[in-house]
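Visitor: Pasting the feature list from TrEMBL:
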- H4, H52, D137, H141: Mn(2+) binding site (BINDING)
- 1-60: domain 'Manganese/iron superoxide dismutase N-terminal' (DOMAIN)
- 67-170: domain 'Manganese/iron superoxide dismutase C-terminal' (DOMAIN)
Amino acid sequence: MQLHHSKHHATYVNNLNVLEERYREALEKGDVTTQVALQPGLKFNGGGHINHSIFWTNLSPKGGGEPKGELLEAIKRDFGSFDKFKEKLTTVSVGVQGSGWGWLGFNKEQGRLQIAACFNQDPLEGTTGLIPLLGIDVWEHAYYLQYKNVRPDYLKAIWNVINWENVTERYMACKK
């Protein structure tokens with residue numbers, strides 16, 4: 001994960017900074033063509049930064065187990081049980097073709113938890129409207145050194161480091 005953070009996430013941040021500067025210049029010049037041309041890069045690198053910033057807080061060497069309190073009750077209500085939730089999020093994450101993310105999000109309009117997948121670095125809230133609670137990076141760069149190209153093994157192991165305190169804090173904050 002250190003390589004993942006120092007190389008991959010850092011690249012998204014560096015690219016985003018360059019693109020934001022170019023976008024500011026295009027705005028100042030009223031250059032709409034350049035503004036439009038920069039948007040895919042802003043989405044990709046901005047999403048990479050947003051997604052990874054959530055991902056790092058969702059992990060802890062002291063993580064694992066199950067959430068407690070209101071989050072666990074919401075998971076049971078919306079998925080039937082914690083095991084069913086875990087199975088569904090794992091299945092959705094394994095099923096991402098190519099690169100992307102598996103997510104647990106909160107649907108504020110419905111007041112319910114939902115599982116979603118986003119491709120590439122598409123940010124959850126910006127593409128689905130769901131508020132991100134738990135993100136699982138399923139780009140190979142997240143697991144290739146330890147798990148080669150065996151995504152299911154990585155997904156089985158990641159549950160041992162999920163920081164449920166962080167996910168619960170996110171859940172409680174978005175319910176306000």
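Keep in mind that glycine also has a Cβ here, set from the backbone N, Cα and C atoms.
Note that the structure is predicted; figures quoted are calculated from it, not measured.
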Visitor: Determine how many residues of the domain 'Manganese/iron superoxide dismutase C-terminal' (67-170) DSSP places in helix, in strand and in coil.
Guide: 51 helix, 24 strand, 29 coil
Visitor: If you count Cβ atoms within 10 Å of the Cβ of H141 (Mn(2+) binding site), leaving out that atom itself, what do you get?
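Guide: Excluding its own Cβ, H141 (Mn(2+) binding site) sees 14 Cβ atoms within 10 Å.
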Visitor: Please list, for the domain 'Manganese/iron superoxide dismutase N-terminal' (1-60), how many residues fall into helix, strand and coil according to DSSP.
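Guide: Counting residues by DSSP class gives 54 helix, 1 strand, 5 coil.
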Visitor: Just to confirm my parser: what is the rounded mean pLDDT across the domain 'Manganese/iron superoxide dismutase N-terminal' (1-60)?
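Guide: Mean pLDDT across the domain 'Manganese/iron superoxide dismutase N-terminal' (1-60) comes out at 90.
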Visitor: For the binding-site residues listed here, H52, D137, which shows the highest count of neighbouring CB atoms within 10 A?
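Guide: Highest number of other Cβ atoms within 10 Å: D137.
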